[in-house]
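Undergrad: Okay, these came from TrEMBL:
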type     : residues : note
SIGNAL   : 1-21     : signal peptide
TRANSMEM : 68-90    : transmembrane segment
TRANSMEM : 164-184  : transmembrane segment
TRANSMEM : 196-220  : transmembrane segment
TRANSMEM : 226-246  : transmembrane segment
REGION   : 268-297  : region 'Disordered'
DOMAIN   : 380-482  : domain 'Calx-beta'
DOMAIN   : 505-604  : domain 'Calx-beta'
TRANSMEM : 707-728  : transmembrane segment
TRANSMEM : 785-805  : transmembrane segment
TRANSMEM : 817-837  : transmembrane segment
TRANSMEM : 857-881  : transmembrane segment
C-alpha cells in the first residue's frame, strides 16, 4: 500500500513540474499562437472559483509561495481523507450489492414426462451483476463526479469528470493489471476462464473510447448533440446484453442452486451385479445411466441441472471428508466447519474483495476470520440459551413392559430444574388410569403426590400388578402427572414450573400363562444410512412362558447386500419370561443425497422348548407368529441432506459482509480487529482505526443490509458517496487552481489514482486468492466501458437535453480529452495484445503470473505505458507537444 501512495505523490510532483511555472506555460502558448484565444486549451489554469459545496479560500490572489504550499498541503490531506471516507462508505455500498446479487427465487420447471418440480435460482446472473451493480459500486465516485460536475456547472461541460473517467480507465488497465501480474506467487499463473465474456468487454471498452473520440472530434467537433449523449447511454444496456449473451452461449453453467424435490436427479436403477456399484461420471459424479436419463428428462435445462449436481457433489465430498476426520463431532459442529470451508472455497465477487481490502485497511479485520469467530460465539450463546428458568417434570422413560407375575412396577419421574434457585421445592400429583387393564383385576390403583426437595431431581412411583392364571392378551394402563408446583419456602414465592411432554406413562402387562405371539411391531420400518446398524426388535406379546427359538434371515429388495447392508441369518432365543429380543443389521453408509432402498427381514416358525402331551394340541399355550416379515427402508441421513440443502442455499459471501442491525454496525465500527493471522492488534491497525473512526461511525447510520434485501442500504450509501464525491471534486479543483494544475491534469493523475486505489488492492487480493483471472482482469475492461456509457453518457445526455430545451448548444471542447482518449486507445491495444501473447505462450500459459522474468517484463511494460500516457497527456494539455 505504501509503495502505491509513494507512486501517487511522485507522479503528482512530476505533473506539477511541467506546469508549476506560469512563465513556462505562457511561453508555450506564445510559441503555439500569438493570440491565446485561438487555442483556449493552451490558456493557464483557471483561477479558483466556488465549488458545488466548498467556497473559495480567501484571499485567492497574490498569494506568497509559503501560503500556496500550505494550502496545497491542506488540500492534499483533505483529499486523502475524503478518498479514505469514500472507500469506507463504498464498503457499505458493496455489501448491499453483495446481498442484492445473492437473492434467489423459486422457479417451476417441467420434465419431459410432464412432472413439475421447483428449482431455486439466483435472481442476478453473474455477468450482468458484474457489469451493472458491481461496476457501479467500484466506479461510483468517478461516475457521480461526472454527473455532479455537470449539475454544478449549470449544465456546462467541465474537465474534471470526463478526465477522471479516462484517467481512471488508464490506471485500471495499465497499473492494476500490472500489479496483479506481479502479485501472483512465483511459478503460478492465472488464466481468464470466460474468455468470450472477456473479449466482449474488451471490444466494448475499446469502442467506448473510440466512440468518445468520434463524438468529440468527428461527428460534431466541439459540440455534443442530444442523439450523441443519449446513444452513449444506450450503449450501456447493449454492453450488458452482449456480455450476457456471450456468457449464456459459451457453454458455461447457469445459476441453479437447489431444487426440490431432487429425486428425479438422483434415482437409482437395478444393479448389474449386487456386489458392484455403478460407474460414475468423473465430472458430474452421477451414475452414467442417471446422467443420460436426466438429460432427457429436462426441457432446455440440462446445463443448469448438471451444474447443480456438480456443486452438490462437491458439498457432499466436503461433508464426508469432515465426518471422516471428526467421527465423534456433532452434526451442528460439522455443519459450521463445512459452511466455513464452502464459503472459503466459493468464487468471490468483485464486491467481496473490495470490502475485504477496505476493512483490513481501516482496522476492521479479516471478514473470513470474523465469520469463524462469529460461528464459535453463536455456538456458545446457543448453549446458554438452552438453559431455562422453568422447572420441568415428566416420566423418564414414559413406557414400561412387565410380566403379570412381577409383583410391582417402578416408574421413574425426573425433574429438570433449569436455572431455578437452589432452594426450590417442587411437587407433582399422580394417579393411575385404567385402559384395557382394569383396576384391582390387573393392577392396584394408586394416587398421591411426589415431592422433590431442594437438590433432588428424581422420584419413584410404585404400582402393584395382579397375577392370575387366565390366558389373556396384553393389557395396559396409564399413570398421569398433574398439578405441578414449585416454590421457595423461605421466601414464600412461587417459581415457574410445568409438565414436560412425557407427562403420561404407559404400562403394558404381559400374560405369563402363554408361550406368546412373536413378531415385529409393524410391517414397515425406516432407518438412515448413517445409523451404523439397524436394530430390528422382535416383540413377544400375549404371554412369556417358556423358552422359544425364532429363526430369521434378511432378503434383498432394491437394497442389495453387501453394497447397502450386511446379510444376516440366525436364530433368536427367548428365555422364560423374556418379552423382546433384537436383531442387529449393519447398514453401509455411502452418503447418498437422496436414498430410498429397501430390504426385508423374515421370521421362521417358532420352536417351543417345552413338553406337550400327545393328545394336547397346545393351541392355547403354543407360540405363534404375528408380523413375521417386515420391510426396512434405508433413507438418506436427514441431517446430512439438510446440511446440503442449507449450504446450497445460504453458502454465499453475503453472510460474511451483510449486517442485520444498527447495533451490529456501531459495534463493528468501534471494534479494532487484527489484520494479521496471529490475531494481535498492531500499531498500524490502531492508527488506521482511529483515523477512520469518524467515517465508520457516520456510515454506521446507513440502514443494515438485511432491510429490504439490501436495497435501502444501496440507496442511502450511494447518496452518501455522491455527497463525498462533491467534496472531492471541489477539493481537487481547489488544489489544481492553487498550484497551477489544470482540472484535466488533476483528474488524470490525482483524482483518478485516489478513486482507483481501493480497486487496486481488491484486484491484487482477487488475483492471489482466486483460481482464475476473471475477477482481476475481466472486471477492469468491463468497468472501463461502463464508466464511459454511464458516467459520461448520463451527464452529457442530460446536459444536451437541457441545452436543446433552452435553445443553446452543449459545447465540449475536444482539447486534451480527445488526445487522452487516443493515447489510452494506443496503450490499451499494446496491453491487451501483451495479455493475449502471455495466454497463448506455452512458457507462460496465463495472463497473470508466470516465471520471474516474464512477470517483471510484463509489469514494466504496463507501468511504462501508463507513465508515458500521463506524461504525454500532461504535455499536450499545456501545449508543450502538438496533439492529433
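Each residue's number is its place along the chain shown, starting with 1.
Cβ coordinates come from backbone N, Cα and C, glycine included.
What's the neighbourhood like for each of these?
TA: If you look at the transmembrane segment (68-90), the same-chain residues 6 or more away from its ends with a CB under 8 A from one of its CBs are 57, 137-138, 140-141, 354, 358, 361-362, 691-692, 695-696, 699, 702, 717, 720-721, 724-725, 727-728, 731-732, 734-735, 738-739, 750, 754-755, 757-758.
Mean pLDDT, taken over the domain 'Calx-beta' (505-604), works out to 83 on the 0 to 100 scale.
For the transmembrane segment (707-728), same-chain residues at least 6 beyond its ends with a Cβ under 8 Å from one of its own Cβ atoms are 51-54, 79, 82-83, 85-86, 89-90, 92-93, 95-100, 103, 136, 140-141, 144-145, 148, 152, 658, 699, 751, 754-755.
Same-chain residues lying 6 or more positions outside the transmembrane segment (785-805) and placing a CB less than 8 Å from one of its CB atoms are 131-132, 135-136, 139, 142-143, 145-147, 149-150, 155-157, 161-162, 165, 168-169, 201, 204-205, 207-209, 211-212, 224-226, 228-230, 232-236, 239, 812.
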Undergrad: For the domain 'Calx-beta' (505-604), how many residues does DSSP put in helix, in strand and in coil?
TA: 3 helix, 56 strand, 41 coil
Undergrad: When the domain 'Calx-beta' (380-482) is classified with DSSP, how many of its residues are helical, how many are strand and how many are coil?
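TA: Secondary-structure composition of the domain 'Calx-beta' (380-482): 7 helix, 54 strand, 42 coil.
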Undergrad: Under a Cβ pair cut-off of under 8 Å, which of the recorded stretches 196-220, 817-837, 857-881 contacts the transmembrane segment (164-184) most often?
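TA: When the Cβ pairs under 8 Å are tallied, 857-881 comes out ahead.
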